[in-house]
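Let me begin by presenting the structure, written as structure tokens, before commenting on it.
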Amino acid sequence: MKLVNIWLLLLVVLLCGKKHLGDRLEKKSFEKAPCPGCSHLTLKVEFSSTVVEYEYIVAFNGYFTAKARNSFISSALKSSEVDNWRIIPRNNPSSDYPSDFEVIQIKEKQKAGLLTLEDHPNIKRVTPQRKVFRSLKYAESDPTVPCNETRWSQKWQSSRPLRRASLSLGSGFWHATGRHSSRRLLRAIPRQVAQTLQADVLWQMGYTGANVRVAVFDTGLSEKHPHFKNVKERTNWTNERTLDDGLGHGTFVAGVIASMRECQGFAPDAELHIFRVFTNNQVSYTSWFLDAFNYAILKKIDVLNLSIGGPDFMDHPFVDKVWELTANNVIMVSAIGNDGPLYGTLNNPADQMDVIGVGGIDFEDNIARFSSRGMTTWELPGGYGRMKPDIVTYGAGVRGSGVKGGCRALSGTSVASPVVAGAVTLLVSTVQKRELVNPASMKQALIASARRLPGVNMFEQGHGKLDLLRAYQILNSYKPQASLSPSYIDLTECPYMWPYCSQPIYYGGMPTVVNVTILNGMGVTGRIVDKPDWQPYLPQNGDNIEVAFSYSSVLWPWSGYLAISISVTKKAASWEGIAQGHVMITVASPAETESKNGAEQTSTVKLPIKVKIIPTPPRSKRVLWDQYHNLRYPPGYFPRDNLRMKNDPLDWNGDHIHTNFRDMYQHLRSMGYFVEVLGAPFTCFDASQYGTLLMVDSEEEYFPEEIAKLRRDVDNGLSLVIFSDWYNTSVMRKVKFYDENTRQWWMPDTGGANIPALNELLSVWNMGFSDGLYEGEFTLANHDMYYASGCSIAKFPEDGVVITQTFKDQGLEVLKQETAVVENVPILGLYQIPAEGGGRIVLYGDSNCLDDSHRQKDCFWLLDALLQYTSYGVTPPSLSHSGNRQRPPSGAGSVTPERMEGNHLHRYSKVLEAHLGDPKPRPLPACPRLSWAKPQPLNETAPSNLWKHQKLLSIDLDKVVLPNFRSNRPQVRPLSPGESGAWDIPGGIMPGRYNQEVGQTIPVFAFLGAMVVLAFFVVQINKAKSRPKRRKPRVKRPQLMQQVHPPKTPSV
């Protein structure tokens, strides 16, 4: 039995440790070595950004020598009579080359010198210099959690970054992303992410990233790190005199891309160019990045990894330089952000069309909870966001190089980004015609070959999971052409096409806008020939829809946009069914060589469209969301709605029904309401079509014409529901930012909502909000509620219904750190317009219960009740009979807030003129008018399946076979005694398998199967040996008694 126990013990060890077969321990002591599959450290990223006082970046229209730049600035400032200025020296590797910017210091308050600079013909723009702070803090996680348990039990919060920061989260493998522990299919997790994605197949073919220049913009790299053999150059762009990595993040990123041993990278033979752009104190400046980007262009970098990001897509010098980089054929790969699962949290530059934006998944192919979601918010309020991320790949528990050697595991999209950057570097080395590789063609190959993940929408996964081998197949058959992202529009396909598939279209509704990205692999510049053509399929009722187009006049760099507005024709107002058609566009680019005498390359692309049409819903079921009056960072400082959330100082998610109000939108749809978005002033919608106008967290001002029209609309039956937020000038001054280093104040431009503007809108009905600031938990109609930094109602009509509660005075707490309880705070008001056919108005002082950003307890039930009231005039019994109902406040003892003096809202407002003094409205803009495309009907049947892998040049991926491995396969040797890590391979080529899952899993199970069979036979042998022996029967001699008394026999 001892032998049996030994075999069973071996079997258990093999079953529990099969994941680590072939791995070598990085530590010699079992007691000190943690489980290789998980770590007990979590990396928390905290960051901020401030404007450096008196320092400005002067951008020029071209590249000039230092002498010429100095001359331009001097001549411009001479006429302004500004004497106290100087050019700040920049001592870095690009100082000896011409540059397109300069950093100057001007100590003046009137900004006359800045205006004079901008008037100079050679100066393009003058913007403030920004100082960036990042803090990477390691925190102990719960060591009692088993290695194979999910780590999603912790609460993830949006970091709401002010700046570009490293996008790594922590260490440890997350093998499953379910929130609850449950029975699930387990499989062997490969050792290395490069082998998981089958990079070893390309290694065996002889491709290892050789002759490809890859840049890593991060925290540096040690000179003699054992994992790297081809570090071509290390440059320092900071004010510290070191090139080494004191934090480890840059080393990890470089290791994922090009490590040659232990935690193997994708391209071990690539030429590494290390750009140290962060100090050991985790500080950086915009100008450091600009200089480093210029140097990367000079060095003809092929691939650039940027595992940093921030929400400021209006940081013009940075964004412009990224465009210039990609225009110079640099393939930029960037992390999409770690602010998931909240929508509308994409980081720049990953959200740019010319950049490959990467999201994260775990090793079970689930979207990582931390990975930021789309849509882009550049286009709001008038348009609709683009599809991002582009692709997703492994970003949870990925192993990479440690700062002094060995391996560590980290999680975050800054981990997923170098995975794609390494894969791209490897792919570039496989292409024979290197001139065909550019930022567009590489992105086309990646998204066309990506594997779609089931049950995940387009704003979470982009085009799907990175597939390295399929991308290799496409690139090696590629011919320059244009393509689209997404490659089709199917408003009936759920969940992938969410939110488009969540609501059918109908006559009279706001047009549905789909923002498509055009990728132009033919050249850095291009154009759309003539206009796009709309061709409806008559057998599929395509003539029941009409489309309008808006598109880039010039496709640069490598990309552009095509916005398609889809609406229903009047003849289909009562029709229900599916309508289909397609759009044809032709893209032209200049010829590749001058020998073609100015001839253009052209590429024609088809965009299928499929929509579901229903009869126009009744007015009572139609809700109009006011997007036009919602503002968000960037560019202004619009503070958070919940002042308790100190780690998220800005309101930057767009305040859209498909971003941070997504859950509210989903709830309204489940209740049968149809929600449309208004991206124009109130003068641009037909109020007779809608039952309720929903205004939530509004920060914008109002045109006088809007106020007058809204009054008429409410008198004629339109209802109004307003969810407000705090506005207190004393608190606004208190929450301003102060930087001890730069002595710079950053003042809020408004409160959580623009209460002074709302009060002007409501004054005609004798309503208004106060400047009170309240917080607390309460119960309303048997529902637990939380009031998070809300305001109160200052005045309300006497014949209205008002609900009050008892709260803490949060304003007093913020200002004086004192606690006080206030009773009978009016928070909810309901009012019926007395005129016949008039609408209804509802006021509520807090929007956090609808906002996904920091919602603690939702109030969707309350929204349902309020919409029942506004749509049908029935006061909910739970509110009309509430014990908290009080007499409406007359406004005599309440204070309504005034606009804060010195605010800069006019700089970012669509309503106010930019001038000193009292705010003055701009002229009312014209309402957008769409030009519907002339249809070119087709009397043919539409394709049945719109989703097909985007076939570039009719490449059939299912029929393409990988080439045979090259004969010069690498020779591997075992590790020498004392050497840590994996195999050491001459030439940097790493052994692998054709199919990672088959190659790794089959030998393991075969070995385990053999062990089971062997154990079975051992058990049987031991049983046979231990069984008591059976005695042989002996022939007994007859006894005397038997002879005397014979045995009885049956009688017949």
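Backbone N, Cα and C define each Cβ position, glycine as well.
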Swiss-Prot annotation, N-linked glycosylation site - which of Asn148, Asn515: Asn515
Candidate annotated in Swiss-Prot as phosphoserine, out of Ser80, Ser168, Ser954: Ser168
Secondary structure of Asn939 (N-linked glycosylation site) (DSSP, helix/strand/coil): coil
Secondary-structure category, per DSSP, in which Ser414 (active site, charge relay system) falls: helix
Least buried by Cβ count (within 10 Å) of the recorded positions Ser414, Asn939: Asn939
Per-residue pLDDT averaged over the topological domain 'Cytoplasmic' (1022-1052), given as an integer: 47
Those glycosylation sites listed as Asn236, Asn305, Asn515, Asn728, and which of them has the most Cβ atoms within 10 Å of its own Cβ: Asn305
DSSP-derived class (H/G/I helix, E/B strand, else coil) of Asn728 (N-linked glycosylation site): coil
Proximal residue to Asn515 (N-linked glycosylation site) among active-site residues Asp218, His249, Ser414 (C-alpha distance): Ser414
Around the Cβ of Asp218 (active site, charge relay system), the count of other Cβ atoms that are within 10 Å: 27
Cβ neighbour count (within 10 Å, all chains shown) around His249 (active site, charge relay system): 28
